[in-house]
Amino acid sequence: MALVWENLCCEGNKSFCVKLMQGYGSNKKRQILNGLNGHLQFGEMTALMGPSGSGKSTLLNCLIQGQGYPGTHGRIAVASKEKMRSVLITQNERDHLLLKLTVSESLFYASELKNPFSTKTSAHKEIVRNLLMEMDLVKVEHTAVDKCSGGQKKRIAIALELTAITKPNFFFLDEPTSGLDSYSGLKLVSRLRNLAEQLKIAVVIVIHQPSFEILSQFHNLYILSKVGRCLFSGSPTMLQSHLKNYNYESYSSNPADVIISIASCVSKEEDDIVEPTNVDVEAGNNQLDTIKRASDVKKDCEDMMCAMEKRWSSNSHVKSGHEIQTTGLCTSVAEFKIYSLWVLLKRTSITSVLREKRLIFIRLALHVVVALLLTLLYGREIGKEPGCYVNVVSNCSSVEDELRMESKPEQNIRFQFFCLLFLIFAALMPTVLKFPAEIKLFINEHRNGWYRTSFYYISKTLMEIPFQLVFSYCYVYFLYWYSEQIGMDEFYNGIFGFTHWRYQYFMGMQLLACFIAQGIGFMIGVICVNNFTMAIILSSTILLFQALFSGFFVKVADMNIVTETITYSSFVRFTFESLLIILYGKDRCTDGKKSATMFKFSLSDDDLFPNAMWVVGHLIGVRLLAFVVLFKLSNPRAFSIGLNCSCLFDGMGPKLKQTKRFFGSK
C-alpha cells in the first residue's frame, strides 16, 4: 500500500478572522470526518467522491498534513522507508499561477526552483518543451497565463508540478474538472490516468459527480456520505455490482448519480441518520424517491457505511514486516538553496515591476499629488521659523506679527505629522491589498516543496525596498525643500540640501516608519488571507491606534501612567518625536535661546537616540513577527500539538521519526 489511513477523524475549527467577525459565543465544533479507513496504491488513480459538504477537500488536507491539520485524529501511515513527495493542486487553479508570466516562463521558473542548482539551462528548456507537448500547451507557450482558457490554466497548474526531475509520489487534485465541459474534463482525467500509470505515482482526484465516461477512467473510487463516513471503496465495476445488491441497478445509467443521491440522504446532526420522512431525498432526485421511500434509502445508506467499516476491520491492509511511519504523509521539504532566492527575485521583478508598470505609476502619482496638495495647503516658509522664545519677541514689531510668527512652528508641526501619516498609509495599504492574493500562491508552492519560507520572505522584502526608497525619497525631498526646512532654507542649500545631517536623519526616520508599516501590512495580509474585509478593518484600526497614541493630539506628558505606557507600542510616537528633535533641537536656537516646540512636547536633544532605537526595535519586532506568522501559516505541522508529529519544516528542528511495527496476516 502506498498510503493507509485508519480511524481518521477531523473536527472543524474557525479561523481567527472568522471568530473575530462572528464572535466567540459558540465554541461547538463540527465533526467533518468520522472514523474513515482507506488506502492508496502507486500507479493508480483514485476518485474521491461525495456530495457537497461531505469532507472531500478536508480528507485531502488530512492525508497531506497528517496530524498537523487542525482537528485531525487517527493514524495516517506511509508504507515506505523512502522519503515521500506529494503535491496538491487546489480547486482554484489561479492560486497556483502567476498570471503576468507567459506559459513557458512559468514552467521555466518552476523548473529552476524545483530542480538542483547543477541543472543546466538547456535541461530546463528541454523540460519545458516536453511538458508543453505532453499537456497540449504548445499553441499558448508565449501567451500570458491570464489570457489562457480555464482548461489550459488547469493543465498549466498540473504541468508546473511536473517540472521536477524527481517526480512526486502522490498527486492530489481538488476538483480539476470543475468549470470544464464534459469533453475537456474527460481529456484531462485521461491524461492524469496516463500520468499515474507511466510514472507509477498515486493520483487522487476530488470529483463531485462525474459522467459515466469519466467514472470509467478511475482505477478506484472512495465515496463519502454527507456525515463524513465511507459509503463505498472499490473499482467502478464493483460499484455497479454493489448497487445491484441493494436493488439500485436500474435507476440510472450512471452509477455515480445513484450513489451520490444515496450519500446525500443523511445530515450532519447530532445523530448520523435523520428521522425518516417521505420528502424527496434531495432536490432533483425524484427518481429514487418514486421507487423507494426516503427512509428506505437512508437505511440502505447506513447499511453501506456499516458494511464498509466492517470489511476494513476484518481485513488487514498492512503487509507483515513493513515499517510504517505513523505520522502520516509528510509534505515535500525544499532543500536549502541560496539559488532559490535569486530565482524568486528574478521572477518577482518580472511580475511586480516589468509587468506592473501601471500600478507603479499610480503609486508614484499618488505621492506627487499628495505632496502638491500639502504644499498648496500649508504654503512656503513654514519651516524657516526656529520657534525660539527670544526670537518671537525681538523680531516682532506688532502683536499681529508676533501671532503670525508663533503660528509658523505650529503649522509646521501639523504639516510634518500629516506628511508622516500619509507615508505610513502609502506603505501599509498596497501591501494589505495585494499581499493576500500572493500569499495563496506562496502557500501552494511552499507546500509542494518549491522553496523555503525564509527565501520567499526575504525576496518580498528586498523587492519592495527600491520602490519604497524612491517613492519616499521623492516625496520627502520635495516637501522638505519646498517648506524651507532647516538645511534647505537657502537656494544653494536647497540644491545640495540632501548633504545636511538634519535632512539625512529626517529621511532615515521616515524610511524606518515606512518599512515598519510595510511589515504590519505583511502580517495583516497573512492573518486575514481569506478575509479581505477583515484585512481592511484591521489595518485601518491599527493605523488609527498608532495616530491616537502618537503624542500629537494629546501630549505624552499630559497622559496618565496607563495611557503613557500604551504609547510605547506606537512607532508613530517615536518617529514623530524624532522628527521634531531633528528640526527644532540640536542647537537650532543659538545664544542660549530655548525652543518653544521642544518645551511644548517635553523633548530634549538627548531623546533623539533612545527614540531612534525604539523605532529600530519596532522595525525588528514587526518584521520578525510577520515572518513568524507567515511561517506558522505555511508550516502548520511545526506548530501543531498532536499525536505523532514528525515533520518540522524549514530546518526548525530535527525530524522526529516515530515508527511503529505492524503485523498483518497478509
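Each Cβ is built from the backbone N, Cα and C atoms, and glycine gets one as well.
Because the structure is a prediction, the values reported are computed rather than measured.
Feature list (source: TrEMBL):
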type	residues	note
DOMAIN	18-252	domain 'ABC transporter'
TRANSMEM	360-379	transmembrane segment
TRANSMEM	413-433	transmembrane segment
TRANSMEM	465-482	transmembrane segment
TRANSMEM	503-526	transmembrane segment
TRANSMEM	532-554	transmembrane segment
TRANSMEM	566-585	transmembrane segment
TRANSMEM	612-631	transmembrane segment
Considering the transmembrane segment (532-554), which listed stretch of 360-379, 465-482, 566-585, 612-631 counts the most C-beta pairs under 8 Å: 566-585
Long-range environment of the transmembrane segment (465-482) - Cβ separation under 8 angstroms, sequence gap at least 6: 360, 363-364, 367-368, 370-371, 374-375, 380, 383, 419, 423, 426-427, 488, 494, 497-498, 503, 506-507, 510-511, 514-515, 518
Long-range environment of the transmembrane segment (360-379) - Cβ separation under 8 angstroms, sequence gap at least 6: 353, 411-412, 414-415, 418-419, 422, 426, 430, 467, 470-472, 474-475, 478-479, 482-483
Model confidence over the domain 'ABC transporter' (18-252) (mean pLDDT, whole number): 86
